[in-house]
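Novice: Take this structure first; my questions come after.
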């Protein structure tokens, strides 16, 4: 099957859902050699991935994952594809705590850095959170405190079959897209930032195929895989099967534009300091961009009005609720690890 799939991709032919599902299952079971994995990823990238292929690949990853089974319903994730090359501060990670502080349960799926100096796992580790939990421990965090961090390597063991090849070929592949789609908790809402606007409509459709009810697929001004504060953001909104697109402008909600430099961070420890300062109430562009992204996360959790969601995001920070979520996650993640 490997040779047939490669030949078809190199001819520019698309795989149907069942073919794509079978192919990803074989990849995740280690049935491809490293050379075949590389050939598959490059051929697929050159052809261009379809909605059907991405949906099947994501479903295969979810089925191979260690499921995070929670008692909590209405879970939301805030994440990006990475790969925008803009070296921004960990905006979606900070926003996750603000969303949780507003009462929306968060299952934050993430990993170490892909394209920046600090991925979500890196900054949380620098903040003192124990990221090395199994599925059961992560579910306990979500159920007890309303937020948990789903560390991808612990929950997607089958990814080891492609990890080395991904690193060595050194270019963006379908796996950069699949990471945010493969959350092993039963999320119903998502804010998904993408590195190119060409992916937005496709990924909104994929999220619908995967059973997500409310999602915002965003590509911000300046090429950000976040809701931007440097200019407007193109949004594709999924709401129970219906997809709309529009331009979101922060100026309409009383914010001022900033420069890209204002949103950039440093290494994991610098970003940890910045994140803690935001949750502790420090004003400025970083707080503002986190508020915007958190408001979309709150809407993904079921709030319909953006202004109302923005009020909830501000209160989450100003009343110390977001900072409290971080402190509780820090404490509980270590308690769980020590208990074994």
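In case you wondered, yes, glycine gets a Cβ from its N, Cα and C as well.
I grabbed these lines from Swiss-Prot:
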- 80, 111: anthranilate 1 binding site (BINDING)
- 80, 83-84, 88, 90-93, 108-116, 120: 5-phospho-alpha-D-ribose 1-diphosphate binding site (BINDING)
- 92, 226: Mg(2+) 1 binding site (BINDING)
- 166: anthranilate 2 binding site (BINDING)
- 225, 226: Mg(2+) 2 binding site (BINDING)
Novice: Sort residue 225 (Mg(2+) 2 binding site) into helix, strand or coil using the DSSP assignment.
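Specialist: Reduced to three states, the DSSP call for residue 225 (Mg(2+) 2 binding site) is coil.
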Novice: Is it possible to get the count of other C-beta atoms within 10 angstroms of the C-beta of residue 166 (anthranilate 2 binding site)?
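Specialist: Step by step: centre on the Cβ of residue 166 (anthranilate 2 binding site), count other Cβ atoms within 10 Å, giving 18.
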Novice: Measure from the CA atom of residue 225 (Mg(2+) 2 binding site) to the CA atom of residue 111 (anthranilate 1 binding site) and give the result in Å, rounded to a whole number.
Specialist: 16
Novice: Per DSSP, the residue listed as 'anthranilate 2 binding site' is which: helix, strand or coil?
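Specialist: SS state of the residue listed as 'anthranilate 2 binding site' = helix.
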Novice: Listing them in sequence order, which of the binding-site residues 80, 112, 166 have their Cα within 10 Å of that of residue 225 (Mg(2+) 2 binding site)?
Specialist: 80
Novice: In angstrom units, rounded to an integer, how far apart are the Cα atoms of residue 166 (anthranilate 2 binding site) and residue 112 (5-phospho-alpha-D-ribose 1-diphosphate binding site)?
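Specialist: Checking the Cα atoms of residue 166 (anthranilate 2 binding site) and residue 112 (5-phospho-alpha-D-ribose 1-diphosphate binding site) gives a distance of 14 Å.
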Novice: Going by a 10 angstroms cut-off between Cβ atoms, which of the binding-site residues 109, 112 has the sparsest surroundings?
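Specialist: Counting other Cβ atoms within 10 Å of each of the binding-site residues 109, 112 gives the minimum at 112.
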Novice: Identify, in sequence order, the residues in the chain of residue 92 (5-phospho-alpha-D-ribose 1-diphosphate binding site) that are 6 or more apart from it along the sequence and have a CB within less than 8 Å of its CB; answer 'none' if there are none.
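Specialist: For residue 92 (5-phospho-alpha-D-ribose 1-diphosphate binding site), the qualifying residues are 78, 79, 80, 120, 191, 193, 226, 293.
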